[in-house]
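Enquirer: Sharing the record's features from TrEMBL:
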type: DOMAIN; residues: B:64-127; note: domain 'ChsH2 C-terminal OB-fold'
type: DOMAIN; residues: B:186-217; note: domain 'ChsH2 rubredoxin-like zinc ribbon'
type: DOMAIN; residues: B:223-286; note: domain 'ChsH2 C-terminal OB-fold'
Amino acid sequence: MSKEPVAVVGVGQTKHVAARRDVSIAGLVREAARSALDDAELTWADIDAVVIGKAPDFFEGVMMPELYLADALGAVGKPMLRVHTAGSVGGSTALVAAQLVAARVHATVLTLAFEKQSESNAMWGLSLPIPFQQPLLAGAGGFFAPHVRAYMRRSGAPDTIGSLVAYKDRRNALKNPYAHLHEHDITLEKVQASPMLWDPIRYSETCPSSDGACAMVLTDRAGAARAPRPPAWMLGGAMRSEPTLFAGKDFVSPRAGQDCAADVYRQAGIADPRRDIDAAEIYVPFSWYEPMWLENLGFAAEGEGWKLTESGVTELDGDLPVNMSGGVLSTNPIGASGMIRFAEAALQVRGLAGEHQVDGARKVLGHAYGGGSQFFSMWLVGAQPPDA
Amino acid sequence: MPEVLKAPLTVEFPFTRSLGPVQSAFLTGLRERVVLGVRTGDGRILVPPVEYDPVTAEEIRDLVEVTPTGTVTTWAWNHAPRRGQPLDTPFAWALVRLDGADTALLHALDAPGPGDVHTGMRVRIRWAEQRTGAITDIACFEPYDGERAQPTGHLGQFEEPITGIVAPARLDYTYSPGRAQSAYIKALSDRRIVGERCPSCRKVYVPPRGACPTCGVATGEQVEVGPRGTVTTFCIVNIKAKNLDIEVPYVYAHIALDGADLALHGRIGGIPYDQVRMGLRVEPVWTEDSRYPDHYRPTGEPDADYETYKELL
Ligand SMILES: [Zn+2]
């Protein structure tokens, strides 16, 4: 028996900001869930199960969100699951929810991811003082910056590529009312003049710290037929993981990322992602990860990803727009960031992305990664159902 | 078998929490010696209050005052109070249904011994002298055989409401790095860097984890590596980290020690930061007061050819 086609019929998110002191965490997730239900014109009673994800527990000190948030998400009397895969969690949470529909376990599932970075300190959560070990010397940027340098060496990319990505994503964010950073006076010169934090990564090439939540309503073919607005159809979805450190690990282009993308393309019948995919929303927490992931995901040959950035292909009006929402560089509630990528892909193929809509977007990739490039999750969504 | 190291590890952080309207009213009420519940769609009064109806999932905001007297619905005796608990002498953890409420609140009940506590007993709140708008404003419950108190009809509106609290979290672990890392750390005290070779893929892991993550087999064969190595890649750190006594800028590098199959991380010194490069040959510099090399410095050898370390990037 074939799988049930999975449709996204509701998308909701909060206006992402540095600190939402006016709401509890329950109130924050409620806003996103409520707006996803409103988009789908459904009520709590229409939801059969809830799948929730968040950042690692030490990041914000909520150890059992599935327990604390059941009331706020209308989950009482229903199955409620929690997914846990570091920064990729928003993507893998959506995929677990999608599998429940695809397997015909449930007809309609609410999936949600969140984080309130203002109530914690992710940097502390990443650098616990483990006995006998040397303290982490340089923070999250210090972990990723050497890999960026390795990419620059391998590809021969000009030093300016990272700033082009940041300039593009921050301008895209100006068209997205939900984005955290709205830098109306952004210029390329300002990005290039911003302080070098972890050379080769500049301040303006790093993501902010945000409070926010994102939710989606996933449903089956019958549910999609009742939806008031066009659905997005899942054409492929996959997750892969690999150890953070092992002999032969390629941090510039991890094998798990390549394999995950290949699996998604096989499911979706994508022969040439560069030709067959209209746009991509990719998890880019530091600007240089755009060209790196373009190669890892097969949009460019090895060493060629930066040329897509440099030539404007990834601009909002380019041939392959990347991070139309403004991306992680403009909005980063860590636990929700993966789901925001997936949700943006869905909004694009539904034609509901507003000012940052890509004309004629029919197939769009949503991508997330997390840990030390350890977890990958991706989906490809389309305007037409998989068998059409 | 060599000694396996152990040490205490305390993970502690003062998380903050924004309260939202319902918890804000509840905790501000405690500061004013007023206990507030919330009315659900089916008319029950929940104490402590929640923001969303557990039955209908609807938002609920109808605050209702209940009394500081109530009835124990169940309990358990705590023989040995721990750090941070409400009382430092043995007490009962009790669920107390306050008069006017339909659900019970968990708190401490001060009683001489377990024989003095029973389900159904009447209790009242003993208020803390200093109240700040926190659950600890209820110092504990105490036995009470007087009249039911009457609510004052408070509607939950307060001057200067509490909008956020600090919720400190602390976990105490006994940490052990295990056999392989204990041996690695012991060798460091002799200023030797010792990894382990995988019997299957022959890769040398430094520091060793005791197993090869690729092959999934235990590693055991010890292999001394270095002390010299090659900088494979690096970044220049320009922001000062808390609790780290290193002047910025400094270079944080991935260093492939000779004979190791993956890079470890270290600081580069003895050379201006802007002259560090991929392929630079380095060696460890040890100091008396540290288990690990303080930093790595150039050996003066010619740079390694890119081809020799590109697989280790
Ligand atoms: Zn092996």
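Each residue, glycine too, has its Cβ placed from N, Cα and C.
Predicted automatically and left uncurated, TrEMBL annotations should be read as such.
Could you tell me the structural context for the features on the list?
Expert: Confidence annotation: the domain 'ChsH2 C-terminal OB-fold' (B:64-127) carries a mean pLDDT of 97 in the model.
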Enquirer: Is it possible to list how many residues within the domain 'ChsH2 C-terminal OB-fold' (B:64-127) are helical, extended or coil according to DSSP?
Expert: 3 helix, 32 strand, 29 coil
Enquirer: So, by DSSP, how many helix, strand and coil residues make up the domain 'ChsH2 C-terminal OB-fold' (B:223-286)?
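Expert: DSSP composition of the domain 'ChsH2 C-terminal OB-fold' (B:223-286): 3 helix, 30 strand, 31 coil.
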Enquirer: Please spell out the DSSP helix, strand and coil residue counts for the domain 'ChsH2 rubredoxin-like zinc ribbon' (B:186-217).
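Expert: For that range the per-state counts are 3 helix, 8 strand, 21 coil.
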